[in-house]
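Working notes, beginning with the structure itself.
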Amino acid sequence: MATPVDPPNGIRNQGKHYFSMWQTLFEIDTKYVPIKPIGRGAYGVVCSSVNRESNERVAIKKIHNVFENRIDALRTLRELKLLRHLRHENVVALKDVMMANHKRSFKDVYLVYELMDTDLHQIIKSSQVLSNDHCQYFLFQLLRGLKYIHSANILHRDLKPGNLLVNANCDLKICDFGLARTSNTKGQFMTEYVVTRWYRAPELLLCCDNYGTSIDVWSVGCIFAELLGRKPVFPGTECLNQIKLIINILGSQREEDLEFIDNPKAKRYIESLPYSPGISFSRLYPGANVLAIDLLQKMLVLDPSKRISVTEALQHPYMAPLYDPSANPPAQVPIDLDVDEDEDLGAEMIRELMWKEMIHYHPEAATINNNEVSEF
């Protein structure tokens, strides 16, 4: 539970109160009443809370020492920029970014999201029975959210069960946009690509220069297979083993299906693998719906140019009972959203831009802290 504590050094900042959860200090706006910690990651701790002004339940993520690691700081900035613009019922909503007290010295960032009950990873590994209706509805919502994200020219690049939040009535929302990129920037953002290997598309494993929205479709296929089988379909131990597992199930590929590989060394490796006849998905998932298997086969295709698109997947007969094209308008997002250019930023500019994001949620602070806020 959340334990009230005195502020550090006995100095209480205006509009803040202080709590300890899992040995972590939370300095949060007084309108939020923390309940209990609900998650922990490399970034810090997440707690559930209530906004006493709106009576809404929210999740507060504290990112500790955000500037300690430049890559983590960039991920946080990217999340802030994107979620301020993305508005869709299958994308987690960022409700607030708490205003830091001092622009030049703040170290921690507090993000306030809508509260969800669990994530798809927890559901898959639980004993909860997953019917065809469950699998169909989860997949539909994932594809629907992804269609919206792609319509904003954004690649998520880190789709996995743990990044899909779920609540008790099976509503699903995509979260964690720290690795997202715009899809009109090609072949220049591999530097910190650390997406979970098991869900990584072949074109990324094979170090191809050009890739697009189909990388997210591959990840969706891996997640769908995991829903059907209750375990990862390609649980590789390292990169080469990951490729080997993929070929083992998909089968050895024809020459024309390897033309997308523009890395000669990677192509030679694929061609050197022993012949595999492949394993049919209907054999791997004998209890699955026939249409589900057909859609899965179209998602998990090695050549990205032959992989089904998100829109085509939503129009597939397996999704037909749920999909209404008129209910899926494209995202209204600025086309110059510059999340890719951030990689060259220095620490002070990252700090400046984070402060700017806070100001979007607290415009009154721009005048109150007039002496600290530069013109944007």
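Our numbering is plain: 1 for the first residue shown, then up by one each step along the chain.
Note that Cβ sites are derived from N, Cα and C of the backbone, with glycine treated the same way.
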Q. Considering the ATP binding residues I38, G39, R40, G41, A42, Y43, G44, V45, V46 given in Swiss-Prot, which of K16, K61 is annotated for that site as well?
A. K61
Q.
Using a 10 Å radius around its CB, how many other CB atoms surround V46 (ATP binding site)?
A. 20
Q. In sequence order, what residues of the same chain, 6+ apart, have a Cβ less than 8 Å from the Cβ of R40 (ATP binding site)?
A. W22, V46
**Q.** Local confidence of the prediction over the domain 'Protein kinase' (32-319), expressed as mean pLDDT
**A.** 93
Q. Which of these recorded positions has the least crowded Cβ, counting other Cβ atoms within 10 Å: I38, A42, G44, D158, T196?
A. A42
